[in-house]
């Protein structure tokens, strides 16, 4: 989950998506401004109230009694000759050579060296609406600087809404062709994200890239193609998994559309697969994560650390729920999801469903519903991974899936925010092992976020425990024998966050690592702040430590002394990158 705060992103992602190749900001063409992230639809057919903050009425709940009315919710100069010469080769990193990390799928397997390959996320708007590289000069200087620092590669979003935006089956890869060739020129490897979601509406989304125009047209004809909450609010971030196998998109199912997109990508960039493009991260939900859109920030619907809301009220999800309930002889459980699970910004104890004592989450009904809800998400992941594997199976690339790091209220019994997102993880049940096992069946990497966070840095009243959550996920991937990769959830440039990432990526669980390390780490995100002098110095030190790995025990001061000359000589290039990125 990309939980980076918008004001921290900086100018690189702060402008609207460009409409020209010159790098100036511009509005997206009207033909693409067809999205509505949230729409309140009439709900007479669902028999629900649109009231969000008042008591929940007009429902017969199969779970415990309705929650009573609640009060307020708790609280970037030209290159010098020296720099130009240095940029022709990456920084020396001792005896640590370039290497491919071992993972699942059909990637070429080599003996893994110590150390964790580090990738850097590209700006969300790296490709413009005119299918060119956005801020080309800045991008070129930035990639050169990253490679000089020893960065393994970059991660880029390949937006469905840009590539297949106008007509089904018509793909325009021009901007991505240019960006990929730029990465290849600088010797950077690429993690390509198949982004089947909308950009806009989540934390850190600094531009808007809707779903393809023709997809939105179909949603406008059949609103139930969109995720829906119990109040009838529609979410246009990602198509509802309930319609995965419904031929509702001009005669194709969503899964067929995803598969066709990936096959077109594979055909277009086959010459780069396995050498430049080393990983395909398969988008499976909002923010590209395998989850439901349970905590949308659009229009202030959700605010941290709210518990979120279940997203199973479109007709396709409800039809499946009805069939599941009838199959176990409990038809009364199939008419609706929990009606006393509170609102987006409640806390667990504000609700009858999530409260620790006697909460519906731990009842027979609750166990049925949560098992069904989470299994639907797992089935969705399975379907798309099967398609991805059939496309990339012989292409020498790895597959990965991102799972959100939902750490708030982790210290409660019910783990409500995880439940509404589709992770059936409670004090009494491991919700991450089934995900890891599903990924293992397809040889995919488990990519997890919030790796930089420490428990004591989080709001204690919300029982945020990111370190314990990361440990649980590490244990699950260890048991399932699936590779674990990481990302930071917030943009951090301080040594404390870097040290936490180093410790977490070493996978020293209870003092034992069994030789395991994360197979890769992706750093969020390339922006002007990263190239500020102090941040850049710390980042270069961090990259070197990550490449050396846990077997090399050296203090930060020693690494800083070794990198001091490099940082000084590369300053012109880094200044160029920072200044260009802000224009």
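The first residue you see is number 1, and the count goes up from there.
Just so it is clear, glycine is given a Cβ too, placed from its N, Cα and C backbone atoms.
What TrEMBL records for this protein:
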ACT_SITE  289  active site, proton donor
ACT_SITE  487  active site, proton acceptor
BINDING   157, 197, 205, 402, 407, 449, 488, 489, 525  substrate binding site
Distance from residue 289 (active site, proton donor) back to residue 157 (substrate binding site), taken between C-alpha atoms, in Å: 13
Residue 407 (substrate binding site) CB neighbourhood, other CB atoms within 10 A: 27
Of the recorded positions listed as 289, 407, 525, the one whose CA lies nearest the CA of residue 487 (active site, proton acceptor): 525
Separation of alpha carbons, the residue listed as 'active site, proton donor' and residue 525 (substrate binding site) (Å): 17
Cβ atoms near residue 487 (active site, proton acceptor) (within 10 Å, other residues, all chains): 25
Length of the line joining the Cα atoms of residue 289 (active site, proton donor) and residue 488 (substrate binding site), in Å: 14
Sequence-distant neighbours of residue 488 (substrate binding site) in its chain (C-beta under 8 A, six or more apart): 449, 450, 451, 452, 497, 501, 523, 524
